[in-house]
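So that you can see what the record holds, here are the features copied from TrEMBL:
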ACT_SITE  Cys346  active site, proton donor
BINDING   Gly239, Glu275, Pro276, Gly277, Arg278, Tyr375  pyridoxal 5'-phosphate binding site
BINDING   Arg278, Arg314, Tyr318, Glu347, Tyr375  substrate binding site
DOMAIN    30-373  domain 'Orn/DAP/Arg decarboxylase 2 C-terminal'
DOMAIN    35-281  domain 'Orn/DAP/Arg decarboxylase 2 N-terminal'
MOD_RES   Lys60  N6-(pyridoxal phosphate)lysine
Amino acid sequence: MDHFLYRDGALYAEDVPVAEIAAEVGTPFYLYSTATLTRHFQLFDDALSGLPHLVCYAMKAASNQAILRTLADLGAGMDVVSGGEYARARAAGVPGERIVFSGVGKTRVEMREALAGGIRQFNIESEPELEALNEVALSMGVVAPVTVRVNPDVDARTHAKIATGKSENKFGIPISRAREVYARIAALPGLEAIGIDVHIGSQLTDLEPYRQAFEKVGDLTDALRADGHDIRRLDLGGGLGIPYTRGNEPPPLPMDYGKLIAETLGDKGCEIEIEPGRLVAGNAGIMVSRVIYVKSGEGRDFLILDGAMNDLIRPAMYEAHHDIVPVVEAEAGIEYRPYDIVGPVCESGDTFARQRMMPPLEAGDLVAFRSAGAYGAVMSSEYNTRPLIPEVLVNGHQFAVIRPRPSFDEIINRDTLPPWL
Ligand SMILES: *Cc1c(COP(=O)(O)O)cnc(C)c1O
């Protein structure tokens, strides 16, 4: 459930008409709902209420300061994957003890900054990374808390570009080698192993891969404890999918995911961490765009929008589906027709949907891409010197621009000429 609903034929974001925001901000733009963000975070928090836990929002999904602050105020921790995200989380007021640092390629500089600023744990993804973190910690006279991200070799049955838990993926250390790696950690004075980490992929629509992974993590917890390691925290990653297409069978609910965690790992006496990103932000955001032209081709009509692949790359990159709806609700009984929905960028890949059934639309009409809150704005670029589009946050009757559209001068002035020109 989200808070982008029609009222009297007009699409609203909570209590604000989307068309009103478009008139003030200009199109295209991203629009987020505080109520939806809050609700989704709370679903996870409630799902784990029977266990000691921390929900660490995977902020790569949508990392605007206002979104982070909204979630941090609810008690969220953050899962960061870069020094930049760490800095963003701290700037939004998240204390270091609520930040976990994930990612396959942490640099020594990033490690040092996180250790100096405060960090809950590093999720380590390789043996060279262990050695590097040990050196950095020793040079600072501190001990770094770590988990090892184990790769459980389960098939997450998701899109190949977002599956991470098979042995052929670049992520984590094979679970079969875990005991050796933890033994190595015990020998490194700059590190303390405090738990285990696993994250098997994104947009999972089935709990079975989670069950397999969690059972393996449970067995590993027992084995590592028998080896003398004080395993007290289990980070189970993120990845729960969202419904991108209305009317399709919905993915599992956070509540059932929480039950599965309790069932498979609840008896370990560990603090549970989860790192949901997409499910928190995905349906809490839409992208609003305006039809520039309707072009009739041979045998097909094109809706040419002012939004493009640089603003929302998921269709081009993952063949992702987004429901696209008119901001003025279609009249009951009106006949839908197929459109190819495209942006103005000079690439055939700049196609959002082919032969999508829509009510008849005209130049100037507004449309909304649903489920665009996660991996939307954060993946946008200024390709074709199209300014990064604004982000707007709604809260009840209020809305605010939370990232303004840069001017052309601001974009151009980021470049600097070398002295010989
Ligand atoms: C991307 C990522 C997540 C979040 O995945 P979602 O599918 O957005 O829930 C969590 N943990 C790690 C380590 C990630 O890389």
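Backbone N, Cα and C define each Cβ position, glycine as well.
Note: TrEMBL annotation is automatic and uncurated.
Owing to the predicted nature of the structure, the values given are computational and were not obtained by experimental measurement.
The 6 Å Cβ screen around ligand 1 retains Gly277 from the binding-site residues Gly277, Arg314, Glu347, ordered by sequence position. The binding-site residues in question are Glu275, Glu347, and the one with the fewest Cβ neighbours inside 10 Å is Glu347. The two recorded residues, Glu275 (pyridoxal 5'-phosphate binding site) and Cys346 (active site, proton donor), show a Cα separation of 37 Å. Cα-Cα distances to Arg278 (pyridoxal 5'-phosphate binding site) place Lys60 within 10 Å, out of the recorded positions Lys60, Tyr318, Cys346, Glu347. Within 10 Å of the C-beta atom of Gly277 (pyridoxal 5'-phosphate binding site) sit 24 other C-beta atoms, taking all shown protein chains into account. Largest Cα-Cα distance over the residues recorded as binding substrate, namely Arg278, Arg314, Tyr318, Glu347, Tyr375, equals 27 Å. Of all the recorded positions listed here (Lys60, Arg314, Tyr318, Cys346, Glu347), Lys60 has the Cα closest to the Cα of Gly239 (pyridoxal 5'-phosphate binding site).
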